[in-house]
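Dumping what TrEMBL says about this protein:
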type: TRANSMEM; residues: 20-40; note: transmembrane segment
type: DOMAIN; residues: 77-221; note: domain 'Flavodoxin-like'
type: BINDING; residues: 83-88, 135-138, 170-179, Asp205; note: FMN binding site
type: DOMAIN; residues: 276-517; note: domain 'FAD-binding FR-type'
type: BINDING; residues: Arg295, Thr531, Ser592, Arg593, Lys598, Ile599, Tyr600, Val601, Gln602, Asp635; note: NADP(+) binding site
type: BINDING; residues: Arg451, Tyr452, Tyr453, Ser454, Cys469, Ala470, Val471, Tyr475, Gly485, Val486, Ala487, Thr488, Trp673; note: FAD binding site
Amino acid sequence: MEDGESQLLSDEEQTPEPFLSSLDIFLFSLIAGLLIYWFFFRKKPEPVPEIKPFTPVTPQIRETSFIEKMKKTNRNIVVFYGSQTGTAEEFANRLAKDAQRYGMKGMAADPEEYDMSELSRLKEIPNSMAVFCMATYGEGDPTDNAQEFYDWMQGTDDDLEGVNFAVFALGNKTYEHFNATGKYTDKRLAELGGNRVFDLGLGDDDSNLEDDFISWKEQFWPAVCEFFGVEATGEDSSIRQFELVVHNDINMNEVYTGEMGRLKSFQTQKPPFDSKNPFLATVTGNRRLNEGGNRHLMHIELDITDSKIRYDSGDHVAVYPTNDAAVVNRIGERLGVDLDTVISLKNLDEESNKKHPFPCPTTYRTALTHYLDINNTPRTNVLYELAQYASDPQEQENMRKMASASTEGKALYQSWVLDSQRNILAILEDLPSLNPPIDHLCELLPRLQARYYSIASSSKVYPTSIHICAVVIEYATKTERVFKGVATNWLKNKEVTDNGHKHTVPMYVRRSQFRLPFKPSNPVIMIGPGTGIAPFMGFIQERAWQKEQGKEVGETILYFGCRHKNEDFLYRQELEEFEREGVLTQLNVAFSRDQEHKIYVQHLLKKNKEQLWKLIHSNNAHIYVCGDARNMARDVHTAFYDIAEEVGGLTHTQAVDYFKKLMTKGRYSQDVWS
């Protein structure tokens, strides 16, 4: 041990003192390790982005001032439209286009897109006027797109002195409130101080709406010219609104294939679903309801699972049909065009909100199949514009004559087009020299509209399914052609198969005021012959559900009518079962043709007049009528007037007032069509 220590001491004595001590080396290593960690292993800080000066980007905002737009584009005529099915919009576009022929410049405008409180500013524009093409919808209501304007008129006290206006109303005289919206618009604008340039026009779709419009228009423009001291330019030549763009090299993923709004919306469905974004509902039921006869009455079931669509009994389902492929092909063959050409129709007016007449780019085939009405008789403006393409002078003269306001022209249009029910294909076939460019034809044809059906189910019983009850339209015309209703024939062919292919229907729900009483204990009297039974199937299902929930349910009485008991007694088994279960208090059925003299629902009403008057007058019963407006609804009205007079002791005037008050209170509701 001592020897070792001596040796160590000896070595230390012999070794010079080191430059760095052990402690220094330790500290140096520690610092070096920390530096290595710092540079190679630490988490890198997020790079700090360079902050550049902010340059605000002005978003493209749709012009809501029609006054500023008119000033910017040198317009002096604005034609507003309240339209539910597209006709009022079509008339507005025609008037705006006509303005050019009278040395003026017009624009058609949707009141929903503009600030209508600016109407009083119209006088800022020299020689200006506003025209209103206003349709009446439902029970005297404004159309959806005119509701805000209607509300504004009711609430405003703006001074419209110096504002020139004219109104053309679109309605149907079979309805109780004929042209109510147009009449109110004309009256209210005058009350606010507006200057009526020309008398209110009343269009009647029950007679000949096109004739009414042409007659009004032929007197309207001369009155406008006289008022402003201008003369017609004499330009009667065709004025194109859209130009054709052919896409020879385009990605087909950018081409519309039938969508109503968003491209590829049918491939990637996103709620909420509405008129611009319909839901593709799978057809899960399709059966014939009638057991005989030459008609086809059908029950369709649509699956709305996962759509988040909600509905109530009495609502309407809107479906977007497609035209018959055979008719589309024949139009293409007649005009000698490739229907699969990809095109766009681009508005020549760059300031217009309506960039295209239908979703573009698309093909002629898609346009004629999904977007354009090729089945109904074309209006006179279509004949007028197409006449220039007839090489035969006689055919051209007849087309122009039918588009005129002359007595002879109107009679020819009535007999050759309307009475003979010639659609555009029939006209092309029967006028061999007529060869219009297909793009101009597509510009002129109106849009194919959604079809509305009263929902035949209750969401309380069928929360994920909507039922439709409809009759297939098909009959021979005077030209020995077969007229087929677009939507009903299309629905009829949507069969449920086991081969894996599922048929779908683009649809959405439109709310209605046709509602069961808030109190289930209130009695209900339902009158619905034929397919008018539809909403009452939902009502009865709901009353059955209410009973199951333990609620007190009042008397539920149905008056149904059909031709033959063993042929077209719709939903017979279901209705008789509801009666056995006590859900239906009374099932009254009029079989019109099972005996010598015809029996209709109004006859059965009169037969039970004492009971009905007691329910209505003493028990707060609610009355519902669904079906034909032209005859049935009127006859039912008359039957109730007679009951009030015979049992209630009222005079005829008192009876009419009595039921008008019931309507005002929501105790007499109608869902009728003509």
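Quick reminder: no glycine exception, Cβ is built from N, Cα and C everywhere.
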What number of additional C-beta atoms lies within 10 angstroms of the C-beta atom of Ala487 (FAD binding site)?
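Other Cβ atoms within 10 Å of Ala487 (FAD binding site): 23.
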Calculate the distance in Å between the alpha carbons (Cα) of Gly138 (FMN binding site) and Lys598 (NADP(+) binding site), and round it to a whole number.
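Taking the Cα atoms only, Gly138 (FMN binding site) lies 30 Å from Lys598 (NADP(+) binding site).
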In this predicted model, what is the average pLDDT of the domain 'FAD-binding FR-type' (276-517)?
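Average per-residue pLDDT within the domain 'FAD-binding FR-type' (276-517): 96.
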With DSSP helix as H/G/I and strand as E/B, how many residues of the domain 'Flavodoxin-like' (77-221) fall in helix, strand and coil?
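Across the domain 'Flavodoxin-like' (77-221), the residues distribute as 65 helix, 35 strand, 45 coil.
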In whole Å, could you give the widest CA to CA gap in the FAD site formed by Arg451, Tyr452, Tyr453, Ser454, Cys469, Ala470, Val471, Tyr475, Gly485, Val486, Ala487, Thr488, Trp673?
23
Determine the Cβ neighbour count for Ala135 (FMN binding site): the number of other Cβ atoms within 10 Å of its Cβ.
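So the number of other Cβ atoms within 10 Å of Ala135 (FMN binding site) is 28.
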Fill in the CA-CA distance, Ala135 (FMN binding site) to Gln602 (NADP(+) binding site), as an integer in Å.
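Taking the Cα atoms only, Ala135 (FMN binding site) lies 30 Å from Gln602 (NADP(+) binding site).
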Could you state the CA-to-CA distance between Asn172 (FMN binding site) and Trp673 (FAD binding site) to the nearest Å?
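About 10 Å separates the two Cα atoms.
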Rounded to a whole angstrom, what is the C-alpha distance between Phe178 (FMN binding site) and Cys469 (FAD binding site)?
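Per the Cα atoms, Phe178 (FMN binding site) and Cys469 (FAD binding site) stand 27 Å apart.
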I need the CA-to-CA distance for Gly485 (FAD binding site) versus Tyr175 (FMN binding site), whole Å please.
23
